[in-house]
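**Student:** Sharing a structure, written as structure tokens. Questions coming.
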Amino acid sequence: AAAAGAHRPGPLKQQNKAHKGGKHSGSSQRRAGGRVPVKAQPRRRLRDLSRVDRRHQALQLRRQRKEAVLAEKRSLGSRDGPPHLVAVVLLHSRAAAPGSLRLLQNQDSAVVHADEGGAGAFALLCPRLKQRWRFVTAQAGDLHTVLDLAKVADSLLFILDPVDGWDSMGEHCLSCLFAQGLPSYALAVPGGTDLPPKKRIDAKKKLAKVIEKRFPEAKLFPLNTEQESLLLLRHLSTQKQRHLTFRDRRPHLLAYTAEFVPGQESDLVGTLKVSGFVRGQTLSVNSLVHIVGHGDFQISQVDAPPDPLSLNPRVVKGQKRSQDMEVQDDSVNGADEMEEDVKVLMKADPSKQESLQSEVVPDPMEGEQTWPTEEELQEAEDSLKANRRVVKVPKGTSKYQAAWIVDDGEEGSEKDDDDEDDDMDDLMEEAVSQEGESSEEEPGEEESETMTVSECLRDDQYDEKMEEDEQMLERYKQERMDEMFPDEVDTPRDVPARVRFQKYRGLKSFRTSPWDPKENLPRDYARIFQFQDFSRTRKHLFRQIEKEETEGASVGWYVTLHVCNVPVSVMESFKEGKPLVLFSLLPHEQKMSVLNFLVRRHPSNTEPVRAKEELIFHCGFRRFRASPLFSQHTSADKHKLERFLRPDAALVVTVYAPITFPPASVLLFKQRSN
């Protein structure tokens, strides 16, 4: 065929490019014959801006950003914005707050208001600087208070010791604050004047070295004279504000005053009237509020009482009526203003109000597979018992093997194999309880050793202490074993393997084998809420927040919220001086779902943390207890469970919890006995 056929070109034959006719702009215009395409391309025009225009546009954008930053700085603590909230954190047991705070209060022509709630809290009004401040104090040891205040404070003022800076408690507090997210801060050092001048310089250098690892390039403010305190105040008001996203997207307030009105049915539950300055976003009366540490509640109405920290008390602010225009009225003095009727701004609309329902009520008939009732389970158990047969088996055969033996003889053995098996199990249990011992020992020896320990008589307390230590040691051993053999598990001696591993399944390949995520779910999954597309819902919500002007109390207004069905314990903790922090929830945030957190273990923590152990979670603005599962942080569609929190790798922690839209920081704590 090859000889008969014509010549075929080889692989090196030259291929010429085809002519690209009619691609230049002139020809396309000729072809279009004057027709204009339907869709103009605005994107291209942006790119084709002239050099001058591009420069001009960049300049405008830069100016807008600068204006926004300046406007934010000006509104903070000004007449229209909320007071500048400063949380004073004492990082050393020797650091004393009263002296430093007294210096801050002694500003010329400043008015000081002592707070009703919280010891050592006060408000400072400086008409000369046109600024108003609110200072709240917290000890580094009182961790919940510090973290709760840092959630809402505009600035943190750290009071250091002139010699050591901070102690171990202060270090722990700082690591928690850094993990939660640090707002703007300043470092103040009161004292140190009793040292001779030469030593003072040395101490200052030493202190600068200490703080450098936590706060690189941070300026230390001495706090011994009024001049220095004025410098510190000025720095706090003019420094760049650091943003915490989780609070910028949600309206929140720190209670200035609170009043509890018991309900009609019981004195333990009632309406809590919380007054404070709205921060973050416009607060709507129909959304739910979360009281940090206490739960979610509904608001019935929002009032506008007169502002107690007004820079110019004679000016009456017609907040709702005059659209923030100020009405000057000389006849109304401060006393009359207080007696003036409290204006009701908004009442909740039951049709628009968010419900408190946090769980789905499962429909027992939903889904193809119905759960067997207790009676049905009992019936099945009885029928199994009736069908049990007695089989002669070689000695040492387990129940599992016996089930597979086909018996030919009709006559039954008198001694049931079960009893023998139980005796064996008892022996095994003795052996297993000594789990730490090396397995080369004779079983007999091991058993007798167990007996001798249990016969020892000891003190009750000593006994408890020993028990705790033994449990701890056991945990350490388990963690070590889990580290050494991460992919292995022992077959237990006291439970048949088919019972122990009946929840497990075999996968041909962990990476590629299919596993339907909806298969074999726990029953609790019927009670939680799930999203069709979580990231889309989140984007949509945040876009709404940015675009829409929500009806409600604007940022900086002093309002009273009437929070319904609040337990009296909330008021009691406020009276004890703990901060009362309220966050308004975004839609869906009261509902329960499955949450995944990415967590890395802090280097200071060395105790073993087992999965399913109860931990305390600080997630964004929430605080709750839950028993989490740990799993590896991988990009696959299924993830390997971890029995312990690993010290070296980041793990994913999974819990049932109320939905929180990210970003939000997460801290995990372990509850000690005290």
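From the backbone N, Cα and C atoms, a Cβ is placed for every residue, glycine too.
Annotations in TrEMBL come from automatic prediction, not curation.
Sharing the features that TrEMBL gives for it:
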COMPBIAS  47-56  compositional bias 'Basic and acidic residues'
COMPBIAS  341-352  compositional bias 'Basic and acidic residues'
COMPBIAS  407-429  compositional bias 'Acidic residues'
COMPBIAS  437-449  compositional bias 'Acidic residues'
DOMAIN    82-242  domain 'Bms1-type G'
REGION    1-66  region 'Disordered'
REGION    303-383  region 'Disordered'
REGION    402-469  region 'Disordered'
**Student:** Which sequence positions outside the compositional bias 'Basic and acidic residues' (341-352), separated from its termini by at least 6 residues, show Cβ-Cβ distances below 8 Å to it?
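**Tutor:** The answer is 285-286, 298-305, 319-320, 551-553, 559-560.
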**Student:** Could you give me the DSSP helix, strand and coil counts for the compositional bias 'Basic and acidic residues' (47-56)?
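**Tutor:** Result for the compositional bias 'Basic and acidic residues' (47-56), in helix, strand, coil order: 7 helix, 0 strand, 3 coil.
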**Student:** Going by DSSP, how much of the compositional bias 'Basic and acidic residues' (341-352) is helix, how much is strand and how much is coil, in residues?
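**Tutor:** Going through the compositional bias 'Basic and acidic residues' (341-352) residue by residue, I get 0 helix, 5 strand, 7 coil.
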